[in-house]
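According to TrEMBL, the substrate binding site annotation covers Asp40, Leu41, Asn42, Arg55, His78, Phe79, Gly80, Arg81, Arg136, Arg169. According to TrEMBL, the feature (2R)-3-phosphoglycerate binding site maps to Arg55, Arg136, Arg169. TrEMBL lists Lys219, Glu341, Gly371, Gly372, Asp373, Thr374 with the feature ATP binding site.
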Amino acid sequence: MRAEGSPFRPNSIQIIKGAVMFRTIDKLDVQGKRVLVRADLNVPAKDGKVTDTTRIDRSAATLIQLAAKGAKVIVLTHFGRPKGREDKYSQKLLVEPLAKAVGKAVAWADDCIGPDVEKLIASMKDGDIALLENVRFHPEEEKNDPAFAKALAALGDAYVNDAFSTAHRAHASTEGLAHLLPAAAGRLMQAELEALGKALEAPEKPVAAIVGGAKVSTKLDLLGNLVSKVDYLIIGGGMANTFLFAQGKQVGKSLCEKDLADTARAILEKAKEAKCHIVLPVDAVVAGEFAENAANEVVSVDAVPADKMILDAGPASAEAIIDRLGGCKTLVWNGPLGAFEIAPFDKATNAVAQWAAERTLQGKLLTVGGGGDTVSALAKAGVEEKFSYISTAGGAFLEWLEGKELPGVAALHVQPEQVRGTGCGCGAGGAGGCG
């Protein structure tokens, strides 16, 4: 279905992961075309009202640009985890904030397939935007059912995936559709792929990664992948305690997965073989409990009291991290360095984040953060708008860092031989650089 009458102009290609490329909406001819846009509008809500419109606001750029080009824009998304059709998971509450974000009226359909939806779309004028009901009201969505994907595809002439945060799931609206219609990455998807490509696939070296969080067990694949890709791996948060324990240090009452000490030692050995320098805390902020205004002190990691727990990296550790980062050109950040939710256990995270933000503003460091509590930690440090890119994708961001292929991204890939066949005349010869 891609070749005949394709709405793509030939040089709408962007590089990602070396020779693998993806199409963008820049040169997409959508005038008068029905364009299905898979967005991620799975926002928090309470009492029938959206409480945080961040994802809606970030999705607006793609919708606005497609509408301005004369497309009939049809938005597909999910909301919550419904078991069939459940009124509490209806997306009708998204219509008003979405209309506000795009600056124009948004039509509503109370299903995502069927005659009523087809009738609504047939009535749309060029530049109109419509939001369809929750795709997860149909169990076939999460099963990537071919018949359901075809029913969705029948509603459109082209498909744009702008939901990187769901790209790790092979669902009908995130993966299946891309094989049935001419497919492109939306603005959010494009920004994520370009940022992550610059950070890990083709980074300016030296490159460092900060990995924090509570448990080593949740980030084994991540750590294993990063040691072969970065020059410095800075480990913080609760997982640093497991590495300290693996080195023979006592960690008191700290969160520590002692049964993973051998695993931690194996990661240290793998890093050594890969010439990746692992940076662990040299001092720590300890307290008897994790509570606001809890009595605390700074101690060496060689002298953690048996009745205390490590709740943050100490000031000397923060200085050592900054010193290591001083010569780096690229930084990937996933997870806080301490229990940042309560002061003063946010000091190390704040200090390093603010230093990294300043280097970013000076043009000396490319900074990409995301996953888990990272976004909250960086926002609390006041640097959310100062990093090169902040991903809100969560699971998809982590799986990318782990080196896993994301179905929703893989479905957008265009191989070099396909580019050569387009005859774009850009002089790149299909080897990359078309854009």
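Note that the numbers count up from 1, one per residue, in the order the chain is shown.
Note that Cβ sites are derived from N, Cα and C of the backbone, with glycine treated the same way.
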Could you round the CA separation between Asp40 (substrate binding site) and Arg169 ((2R)-3-phosphoglycerate binding site) to a whole angstrom and send it over?
13
Of the binding-site residues listed here (Asn42, Arg55, His78, Gly80, Arg136), which is spatially closest to Thr374 (ATP binding site) when Cα positions are compared?
Arg55
Report the largest Cα to Cα distance, in Å and rounded to a whole number, among the residues Arg55, Arg136, Arg169 that the record lists as binding (2R)-3-phosphoglycerate.
18
Using a 10 Å radius around each Cβ and all protein chains in view, which of these binding-site residues has the most neighbours: Asp40, Glu341, Asp373?
Asp40
State which of the following binding-site residues has the fewest other Cβ atoms within 10 Å around its Cβ: Asn42, Thr374.
Asn42
Would you identify which of the binding-site residues Arg55, Arg136 has the most other C-beta atoms lying within 10 angstroms of its C-beta?
Arg136
Starting from Asn42 (substrate binding site), work out which of the binding-site residues listed here (Arg55, Arg169, Lys219, Glu341) have their Cα within 10 Å, and give them in sequence order.
Arg55
Compute all pairwise C-alpha distances among Asp40, Leu41, Asn42, Arg55, His78, Phe79, Gly80, Arg81, Arg136, Arg169, the residues listed as binding substrate, and give the largest one in whole angstrom.
18
Quick check: of the binding-site residues listed here (Arg55, Gly80, Arg136, Arg169), which one has the Cα closest to that of Glu341 (ATP binding site)?
Arg55
Among the binding-site residues Gly80, Gly371, whose Cβ has the fewest other Cβ atoms within 10 Å?
Gly80
